[in-house]
Structure formats: C-alpha cells, structure tokens
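Annotation source TrEMBL lists disulfide bond at 30-65, 40-54.
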C-alpha cells in the first residue's frame, strides 16, 4: 500500500475531481482537505506510524486553496494552535 501512495504522489499534478464537490467553487473542498490532513497526522502520530500518506491531503489543499490561505503562517494554523479552529481535528 505504501508503494501505491508513493507512486500516486510522484504522479501528482493537481487535485483530482472529487464528486463530493461538483461545483466550480472549491472552497469547501480546500477546507475539507486541510482538515483531513491534520486529522490524518493526528491519527497516525497517535498510532506511531509514518505520516507520509497524509502528504496527499496537504498537496491537494495546497493545490486548491488560495496562496493567502495556505502560506507558511496562515490564520487556520494560528486558530488550530489557539484551539479556536472551527473544524474537529
């Protein structure tokens, strides 16, 4: 399975179509992948496993989200650290 994930990451160009978000506005898709990335990190860290599979979500949200939302120190990261982020991670 790890080989499949590595192969997908190597071939990755941009976010694939997600049928949960069929409309042109991809804001919710961006947010969902951001939350999924940190959920994945948290779950795999708790189990003591490698977090490499989580990179898929990070690459997708960085591809979909505007740069001002996902730069190095963004508002969502600050909210997560402060415990005020709207999503459950």
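Along the chain as shown, the residues are counted starting at 1.
Cβ coordinates are placed from backbone N, Cα and C, and glycine is handled just like the others.
Sequence features annotated in TrEMBL and their locations in the structure.
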| residue | record | Cβ neighbours (10 Å) |
| --- | --- | --- |
| 30 | disulfide bond | 21 |
| 40 | disulfide bond | 18 |
| 54 | disulfide bond | 20 |
| 65 | disulfide bond | 21 |
Quick one: Cα separation, residue 40 (disulfide bond) versus residue 30 (disulfide bond), in Å?
15
If you measure residue 54 (disulfide bond) to residue 30 (disulfide bond) at Cα, how many Å is it?
15
